[in-house]
Amino acid sequence: MAADAPDALPTGPHRAGRDPLRLGLLAGSLLCLLLVGLAHPSVAAPPLGPAGWVPHLPDLPLGGWVVVALQVAGYALGAAALLRGLRVPSRLDIPWAAWAIVGGLVLLTVPYGTADHTNYAAYGHILVEGGDPWVTTPQDFGPDRITSAVQPPWEDTPSVYGPVATGLMGLSALVGGELPRQVVWVWQVLVVAAWLLGRALLLRLTGDRESVDTWWTGNVLVLGAGVLGAHVDLLATTALVGALLATRVRGVPGALLAGALAGVAASTKITAGVVVLVLAWLYLRRDMEISSAEELRAADPHTSAKGVGAVARGVGSSAKGAAARVVAVVLAGLAVAVPLHLWAGPNVFGQLLTASDGVSYASPWRAVYTVLDLGVAEPSARAWVARASAVLCVVLAIVLWRRLPGTDSGPQRLLLVLVTAYALGAAYVLPWYALPMWAALAWWVADGGRAPRLLTALVVQGAVVAIGYVPGRVRIPEDMATVTLAWRMVVVPLVTAIVWLLVLRPARRPGRGRRGSARG
C-alpha cells in the first residue's frame with residue numbers, strides 16, 4: 001500500500017515538517033537515559049568491576065534518587081515525544097549517521113534497569129568453560145569473577161534462553177575474557193548492532209523511514225528497555241524482521257530463507273516463533289490475491305474458452321505454489337531449530353516449561369494468582385493463571401483483529417494483533433517483552449494503519465510498565481523499594497487492566513456517539 005505509507009504524513013496539501021518540540025522531547029529523553037548508563041555502579045546498574053580494555057567514560061557519582069528521577073524523566077519524555085508525533089503530524093528526518101552516533105554512545109555506558117546482562121555473561125562463561133548453562137546455575141558453577149557478578153534472583157537459576165541466544169552469550173564470553181565488564185560490553189555490541197540492523201531491515205521491509213524511526217529506532221521504549229538494557233529480546237526481534245523481509249525473495253528459495261530465519265528467531269527466544277504463523281498467512285494470502293485476480297479475468301466475457309482454461313490452470317498452480325512455500329518455511333525452520341536444540345540438550349525445554357508459569361508483580365494476573373493461592377497449592381494457582389492468561393491473549397487477538405481500522409487482512413495486521421495480544425495479556429510482564437510489538441507497529445503504520453487511540457493506549461501503557469521497572473535492581477534501599485514496588489504492583493496492573501477494558505469494550509453502534517469512536 002505504497003500510496004498509504006506515511007513517509008510523508010500530510011498537513012493539508014503539504015508534506016509535514018519537523019517539529020522542534022517533538023525533537024526536543026526525544027533528545028531530552030536520550031540524554032537522561034544515557035546519563036543513567038554512565039552512573040556505575042548505581043541502584044539501576046549492578047557493579048561489573050574494572051573496565052579492562054572496554055572504551056568508557058568516567059563513572060558519574062549519581063545518588064540513588066537522582067538515577068531514578070533521570071530514568072523516569074527519560075521514559076516520560078520519550079513517551080511524550082511519541083504522543084506528540086501522534087497528535088501533531090511531523091517528521092523526525094534523522095539520518096543514519098545520527099543513529100550510529102547514538103549506538104556509539106550506548107557503548108560508552110553500562111546496561112541498566114535490570115541485572116539480566118550479568119547472568120547472560122555467566123551463562124556464556126559456563127558454556128565456554130564446558131558446562132551446561134541449562135543445568136548449571138552460576139552459583140553451582142563455582143565462584144569466579146564472572147559468576148560472582150550475577151545478581152539476584154539469577155544466582156541459582158539456569159539459562160531459560162534458546163540455543164542461539166546462549167551461543168551468542170558464549171561468543172561474548174569467549175571474546176570478553178575473564179572480566180565481567182568486557183564480556184558484557186561484547187554483548188552490548190551485539191545488541192546495538194541488532195538494533196541498527198533492525199532499522200535497516202525494517203526500512204527495506206516498509207520503505208518508510210518515518211514509521212521505522214518513530215516506532216523502532218527512536219522509540220524510547222525500544223531504546224531504554226531493549227538497547228540500553230541490553231536484552232536478548234532485541235536480537236530475537238531483529239531475526240523475526242529478517243524472516244519477514246526474506247519473503248521478498250521469490251519462490252521456494254525465499255520461503256526457505258524466511259523459514260531458516262524464523263528458526264533462528266525462535267531459537268533465540270521461543271515467543272519469536274510466532275513469525276511462522278505470519279509467514280504462512282503471508283504466502284497463503286498472496287496466493288488468494290493471485291487467485292482472485294485470475295478468477296476476475298476468467299469472469300470477463302471477452303475471455304475465450306481457451307483463456308478460461310489457462311486461468312484455471314494458473315489458479316491451481318498458484319495454490320500449489322503457496323502450499324509448497326508454506327511447507328518450505330516449516331521445513332527450513334525445523335532444519336535450523338531442531339539441530340540447535342539437540343545440541344543444547346533436553347534441559348532447554350525443561351527451563352522453558354519452568355518459566356512459562358511465571359506471574360509478575362506488574363501484571364493484573366498477580367492479583368488473581370494471589371487469591372487462588374489462598375485456596376489451592378501454588379503450582380495449581382500458577383497453572384490456572386497460565387491457562388487463563390492464554391485464553392485472554394486469544395480473546396484480545398480476536399477482538400483486535402476485528403477492531404483495527406480498515407478491511408485489509410495482511411500479514412502486518414496479523415503480526416501486530418498477535419504480538420500486541422501477548423504483550424498485553426500475558427501473565428509475566430516485562431518492558432522488553434513488547435519489543436516485537438513496536439517492530440510490528442512500524443510495519444503496520446507504514447502500510448497505512450491508523451488507530452490513534454489504540455496507539456496512544458499502547459504508548460501510555462508501555463511507559464507505565466517501563467517506569468514500573470525503575471530502577472531495576474533487586475537490592476535497593478528500602479524506601480526506594482517501597483515506592484517503586486507500589487508503582488509496579490498497583491499502578492502498572494491498573495493501567496494494563498484499563499487497556500484490556502478499552503480493547504474489549506463493546507463497539508458502539510453506527511450513528512451513536514462520535515463517528516468512528518469504536519475504532520479507537
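Note: Cβ is positioned from N, Cα and C throughout, glycine not excepted.
Listed features, source TrEMBL:
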type: TRANSMEM; residues: 23-42; note: transmembrane segment
type: TRANSMEM; residues: 62-82; note: transmembrane segment
type: TRANSMEM; residues: 94-113; note: transmembrane segment
type: TRANSMEM; residues: 184-203; note: transmembrane segment
type: TRANSMEM; residues: 215-245; note: transmembrane segment
type: TRANSMEM; residues: 257-284; note: transmembrane segment
type: TRANSMEM; residues: 322-344; note: transmembrane segment
type: TRANSMEM; residues: 384-402; note: transmembrane segment
type: TRANSMEM; residues: 414-434; note: transmembrane segment
type: TRANSMEM; residues: 485-504; note: transmembrane segment
Stretch-level contact, the transmembrane segment (62-82) and the transmembrane segment (184-203), CB cutoff 8 A, at least 3 pairs: no
Recorded stretch that, among 23-42, 184-203, 215-245, 322-344, 414-434, has the most CB pairs under 8 Å to the transmembrane segment (384-402): 414-434
Cβ-Cβ under 8 Å with the transmembrane segment (414-434): same-chain residues at least 6 beyond its ends: 113, 221, 224-226, 229, 231, 233-234, 244, 271, 274-275, 277-278, 281, 355, 357-360, 362-363, 365, 369, 385-386, 389, 392-397, 400-401, 404, 440-441, 443-444, 449, 458, 461-462, 465-466, 468-469, 492, 496, 499-500, 503
